[in-house]
Amino acid sequence: MSQKEKLQYLKDFHKDTLKPSPGKSPGTRPEDEADGKVPQREKWASKLDFVLSVAGGFVGLGNVWRFPYLCYKNGGGAFLIPYFIFLFGGGLPVFFLEVALGQFTSEGGITCWEKLCPIFTGIGYASIVIVSLLNIYYIVILAWGLYYLLLCFQPQLPWAGCSHSWNTDNCVEDTARKNKSLWAAANSTTNFTSPVTEFWDTAVLRPSQTYNNLILFYLYPDLTRLQDPEVWIDAGTQIFFSYAICLGAMTSLGSYNKYKYNCYRDCLLLGCLNSGTSFVSGFAIFSVLGFMAQEQGVAIADVAESGPGLAFIAYPKAVTMMPLPSFWAVLFFLMLLLLGLDSQFVEVEGQITSLVDLNPSLLRKGYRREIFIAVVCLISYLLGLTMVTNGGMYVFQLFDYYAASGVCLLWVAFFECVAVAWVYGADNFYIAIEDMIGYRPNPWMKWSWMVTTPVLCVGCFVFSLVKYKPLTYNKAYQYPNWSVGVGWSLALVSMVCIPMVVVIKIIQSDGSLIEVQSSVAGHIILLKKGTGNRVNMNVYTDCMCQCNIYMKRVSQ
């Protein structure tokens, strides 16, 4: 079947497409409920809805507290080399693949694979497991940020002095602006701790048992660092984290697009926005840390932090040295809270959409979807309470290190590319995209799905395992073996979904190898006519599989 004939199948049936109700946000149509039909999802009211939702989803805490530190740690400007290789060879192609897949199938993160490539439905289940575990501990970071924000509305910031109940005898107040020699002497003391460190460790967690030079160091390339595989691992995992891919969220957001929406153009623009935000935030973060290093007269490594250490120790410590410290602290923690909240909204939306699409006749009616959201969030909240206990930081790090680790995301991304590019067919998917947006995307996308992205994922995955280091807390506490086993269980519970579903699908498939292959490649009726706006795609998929089966039988 020629490409022209394939496109004609799509265009003929597109005329019968059910038009979505205009001017409403994603949800269900009340007129369908009144008629007793299975409620259908709505479409974005405007293009801006999709753009802002995606931007809010992947421009988050990682852009502020992870990328600048990784750039500093891995050779400054030299880190941008592997970063851009993974960006154009893995991050953007997978991001566009997920959005286009959702738009093409009009389904969430699980059912889209059931209808496009049934044997790899496990990809959807793996993504949901990862995002469900992520939602348990990500909100804890926002709770810490909210706690800090509320404490900023005081005459004096509580972490600025040593006169509080949580302070120890080792606490030394920040006197850098008054006496730098005194600060240097205190800083050289073996047991020295600052007030802000004690506030974070003791009052919040309560665990059981020069400026120009710094900016230059942030950007100055140290090309020798490129010989270290860990630099490439950091670049790959940062790309997949910051683009919120392999979580089902981008697929769910794309499923609310209209069929003819130009998602390719907006994906490229959003990718530039995301990476640009990461790069620019490095100047904002390191300018403040550079000021703090200059005031204290300490080395760069003594002030550079990543993750919660930056948000709740280094930056709060820096604002105590500025004029109007409470004002700057409020702005910083408000920014942190807003960045995290919209990412949390998108992650929960991706989780809920994927689960609701598994049984739309039950969960889309009336207020059942809202009740289901409340139940899921309540369960996540109760599980997250374990991370705000006296030893909660140990649990939090266990989830953060294993549950949504780069190893899990790389595993899912690899199989996403294999399923679309090699099982369903990159050319077939390109034809579908051409029918949606009106032209064929740059061949770079297709070759990335077929070759570049799988190779990068496999390489980074292998080096991640080879360079694996046991989890520690504060570089001192070594996690016991049983807790490491729990951590790897959190990682494997998502990864095992893909091969497990493959085996189940093969066992359930009866008949010859050709019939098994047809079910693998998507030989199913996707939607019945009149129940959705992807009728054209259903017939296209069914006809293509029938044609392929016929050609193979003739050749035999």
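Even glycines carry a Cβ here, placed using N, Cα and C.
DSSP assigns Asp342 (Na(+) binding site) to a helix in the three-state reduction. Here the Cβ of Asp342 (Na(+) binding site) has 17 other Cβ atoms within 10 Å, regardless of which shown protein chain they belong to. What TrEMBL lists as Na(+) binding site is Gly56, Val59, Asn63, Ser242, Asn274, Leu339, Asp342, Ser343.
Residues annotated as compositional bias 'Basic and acidic residues' in TrEMBL: 1-18 (among others).
Under the heading compositional bias 'Basic and acidic residues', TrEMBL lists 29-38 (among others).
According to DSSP, Cys171 (disulfide bond) sits within a strand segment. Taken from TrEMBL, the feature disulfide bond applies to Cys162-Cys171.
If you look up TrEMBL, you'll see 1-38 marked as region 'Disordered'.
Residues or ranges marked as transmembrane segment in TrEMBL: 50-68 (among others).
Feature annotation from TrEMBL assigns transmembrane segment to 80-101 (among others). Nonlocal intrachain contacts for the transmembrane segment (80-101), taken as residues 6+ away from its ends with a CB within less than 8 angstroms of a stretch CB, comprise 54, 71, 112, 116, 221, 226, 231-232, 235-236, 238-240, 242-243, 245-246, 250-251, 253-254, 257, 263-264, 267-268, 270-271, 275, 413, 416-417, 420, 429, 432-433, 436, 441, 444-445, 448-449, 452-453, 456-457, 460.
For 122-150 (among others), the entry in TrEMBL reads transmembrane segment.
Panel annotation: around the transmembrane segment (235-256), residues 26, 41-44, 50, 53-54, 57-58, 60, 62-63, 66-67, 70, 74, 79, 82-83, 85-87, 90-92, 94-95, 98-103, 105-110, 112, 124, 127-128, 130-131, 134, 263, 271, 274-275, 278, 343, 346-347, 349-351, 353-354, 405-406, 408-410, 412-413, 416, 456-457, 460, 464 of the same chain, lying at least six beyond its termini, place a Cβ under 8 Å from a Cβ of the stretch. Taken from TrEMBL, the feature transmembrane segment covers 235-256 (among others).
Under the heading transmembrane segment, TrEMBL lists 268-293 (among others).
Annotation comment: TrEMBL describes 313-339 (among others) as transmembrane segment.
Among the features that TrEMBL reports, transmembrane segment is placed at 371-396 (among others).
Listed as Cβ neighbours of the transmembrane segment (402-426) (distance under 8 Å, sequence separation of 6 or more from its ends, same chain) are residues 90, 93-94, 97-98, 101, 113, 116-117, 119-120, 122-123, 126-127, 130-131, 133-134, 137, 233, 236-237, 240-241, 245-246, 446, 448-450, 453-454, 457-458, 460-461, 464-465, 471, 487-488, 490-491, 494-495, 498, 520-522. As annotated by TrEMBL, transmembrane segment applies to 402-426 (among others).
Annotated transmembrane segment per TrEMBL: 447-466 (among others), in sequence order. Here the transmembrane segment (447-466) has Cβ contacts under 8 Å with residues 85-86, 88-90, 92-94, 97, 229-230, 232-233, 236-237, 406-407, 410-411, 413-414, 417-418, 420-422, 426 of the same chain, all six or more residues outside its ends.
Residues annotated as transmembrane segment in TrEMBL: 486-507 (among others).
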If one takes Cβ-Cβ under 8 Å and requires six or more residues beyond its ends, the residues near the transmembrane segment (122-150) are 61, 108-114, 204, 246-249, 308, 311-312, 316, 329-330, 333-334, 336-337, 340-341, 343-344, 347-348, 350-351, 354-355, 380-381, 383-384, 387-388, 392, 396, 399-400, 403-404, 408-409, 411-412, 415-416, 419, 490, 493-495, 497-502
Same-chain neighbours of the Na(+) site, Cβ within 8 Å of the mean position of the Cβ atoms of Gly56, Val59, Asn63, Ser242, Asn274, Leu339, Asp342, Ser343 and not counting those residues, run in sequence order as Ala55, Gly57, Phe58, Gly60, Leu61, Gly62, Ala244, Thr277
Counting Cβ atoms within 10 Å of each Cβ, the densest environment among the recorded positions Val59, Cys162, Cys171 belongs to Val59
For Gly56 (Na(+) binding site), the number of neighbouring Cβ atoms whose distance to its own Cβ is within 10 Å equals 19
Three-class DSSP assignment, Asn63 (Na(+) binding site), comes back as helix
